[in-house]
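Undergrad: Have a look at this one.
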């Protein structure tokens, strides 16, 4: 007995035939794509096709900037800087051998030609030759007297270390003896190209009329201090963390470092049109490259990811897994407000013999530390040693026993305490760079008594520097604390003194002065009574002299890390 098919059953019978057709089409398309892929691999037609569509060949050549060569002539009194000479056919060559991002499908010849050129984010990377004759001769700064030789502490001399002092790479040039020279190439970034500048240090954004303070660079007497190379830094620090620890001047330096690194660009590849994306997935499935001829090469600026919080600022550069960290610590030692003896609750107590607990827990996580302090010792505080009140600043009640420790001595003790804690930490093996006391330039008074740095537009020349007694004694106490800590070291870490104090005493032109905010109606001139407006002669403009600090940091890191590689090979 045969049952009749229900109405519409014919469509149900036809459905499998349609599914079979679709499957067959997919198989045919896949075979076509595989055949086309084989053609692309076997025959060099990709570049011709791409040239037809895009009018370019397989290489992208970035424009080169004109190089500025500085000629130095040695005189009996030191080294004189001659007018810069321009070479119209030369290009800026940056040592980026290790700054290449690992990328597949890049021809060796194109990488070789492109890796030497770093694109600039500002328009200052070339100099108009027609204006060469109008360049003024820079201020000559003869060789500075050496305040202190380059200090270092390599814990390799201790039994726990597996290296030796003879392997140190710091035996060469003294970075802190030299002169300031005018570099018409200008800074590596501008206040508009870096988005994280604190407004009070954004001098151009706040209306400062002059700009030459951005162009002066430091030249050691017996070697060169290269311009900051962001790619070089990121490659040296690959997979590592650098931490800036200290007060607002440390924050100033951290922001300078980020601005310099923000200019780094990554060499990357992408497909020019979306219809090639299916081929990319087939390439991944097949396990061999079929799109080599189709990639478009380009430089892109890497924006670091902000992964910080109120306790710790953290900026992550994903391409090299480099982390830049800032930890706030005003005095670097333990701080409490509870009542102690005759010091009431609420007044800040500094336990000079105990490190700051808030930062010590993070120390093992850092590979490089740049640490600094000093200026907060001018603020109100009580000094405690062995749970006994021994002194104070802007606080000492009448009838109290004589002070044993003043604020300058307290600073020296605190430096020895924090550095000893770092150099004896059982789980820290990194490099610690102590940035020496940053000089301020308040003339005619202190920051709160009419001190001023208004109208300073270029570095001081030799003979113009007025010694600052407070700066000198703070530097002396800091160096003493450094040396005491070296004697107590027990771990495998390294300690370096970045001695910028005398060098930057000449840079009275590098501060914001009255240009601390963007208010167009702010007062920037002295009043009828001759009193200057409120101003900042402690922090540094950005861009400005503080960028040199990070050039020094990079040079110290380079010497240590490349020296370690050479000694281990």
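Every residue gets a Cβ built from N, Cα and C, even glycine.
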Undergrad: Out of 508-536, 537-565, which range is noted as region 'Disordered' by TrEMBL?
TA: 508-536
Undergrad: Below 8 angstroms Cβ to Cβ, which residues of this chain, lying six or more residues outside the region 'Disordered' (508-536), approach it?
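TA: Same-chain contacts beyond the ends: 199-203, 205-208, 212-213, 216, 440-441, 443-444, 447, 450-460, 544-546.
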Undergrad: Taking every residue in the domain 'Trichome birefringence-like N-terminal' (172-224), what is their average pLDDT?
TA: 95
